[in-house]
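Below is one structure, written out as structure tokens; the observations come after it.
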């Protein structure tokens, strides 16, 4: 009788037009918190959570357009997309947006537009988030890092929205701190405001200056002339840069340009640039962009902590750049993460955001890392550990070399193969060629079908940096990356001056007509995990990529 009564009630409800119950289904789950995080109780049920909903979108059309405008020989080569064209390509379906908004409104939750059209933002107390998502948001603490955060190990959504919802962030994704691409730092003396210019002689084997790099790679000292060709330098974890230190650096090493040459600063997520606390990373990045890419307008994007972990800062920064009417021609970053610690959904989302930026005409550079093949795991590791976003196929990754030409691979230069991103078509021949030479070496320690990195490299040992008036010797892919980015910024300036478009996404060019502009590095390796790592070899290799740039050959390769 009870069952019959309930059945009759349900028919009455349907007849009166009452909404039917939409069952929740687990959308994302993890078995445990990441290593280092321990549950420490329930949060205040009234504490407000800021969650982001990533809307599902087929990015195939975007990637096709990116490759179309980035591949030499295409009729659309370097005919970049507008902001509106990229937005149209990445817009989620109207049905999806309506379904998700209807679900939220039904539960009394208001969504606001995110930084791009692929995101919605919601704010709600813990108690409501638990009810909405059938979740168990809990306080987690990491005693090692001091991070305290609120996360759930699983969440569910109705069947009606699952086809349209990619993921909710940062529900199950725990904070990961960005790692700087610096291998070593040591103080080597005091800066003096002399006008002596270092020579690219034997001293360059022990101390790298702008003059060394200019002569190694035929980089011009002539100032840029095109203000539309710009460069962005990213900064995380309070990596500040000082204008006075830059002035001293230019006086010492670039006396041919005004010591007042500087950079602008843009804040993301509450970031600041405390010039009284210059960091090694910030100083290195600014001094070897402004000090190499002469007169290229350079902006220091400083990302603060008003986000939920440094990975979120990466997302916020790239979305900030996508939203600009005129994004930078070159974007360089010397930070990264262990790939395995980044939520795969978020990793793909950020990577696709880089594809959007590349389609707008931006060349994107990341350092490969500075821990060989193990990314800091130590000698006991059982598999090589790739870095992120090095595995993203839509960025150009820079490794490091050492010595004067002919150079060898720097042993700290991280490189390998992604476990998240497959090898892209533009790189498949280079990767298969290397694996054929490698044979069974390191078998089982890496993903043979993953995207390989780095793509290219440059000197990365013993850069001379001015930090608070002190000469500091810095090594790492954090050194090689801003230098390579600056070289491309100067190339862009020449292209624009000739009435041509800038380079944009570089990789299809690098692995085809551009390969001849790089000097192959065939000696050295990047040890780790109790192995010698990957050896450098003829052609592309996962230590130095395709090799080091020659500016004059780059000019020839682009038809100048």
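Quick reminder: no glycine exception, Cβ is built from N, Cα and C everywhere.
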Which is it, of 264-283, 284-303, 304-323, 324-343, that TrEMBL names as region 'Disordered'?
264-283
State the Cα to Cα distance, in Å, between residue 478 (active site, charge relay system) and residue 539 (Ca(2+) binding site), rounded to an integer.
24
Look up residue 521 (Ca(2+) binding site) in the DSSP assignment and report helix, strand or coil.
coil
Taking the center of the Cβ atoms of 520, 521, 539, 541 at the recorded Ca(2+) site, which other residues in this chain have a Cβ no more than 8 Å from that point?
522, 536, 537, 538, 540, 544, 545, 546, 547
Averaging the per-residue pLDDT over the domain 'Peptidase S53' (207-560), what integer do you get?
97
To the nearest whole angstrom, what is the C-alpha distance linking residue 281 (active site, charge relay system) and residue 539 (Ca(2+) binding site)?
31
How does the region 'Disordered' (264-283) divide up by DSSP, counting helix, then strand, then coil residues?
4 helix, 6 strand, 10 coil
Round to a whole number and give the Cα-to-Cα distance in Å for the pair residue 539 (Ca(2+) binding site) and residue 285 (active site, charge relay system).
29
Cβ packing number for residue 478 (active site, charge relay system), 10 Å threshold:
30
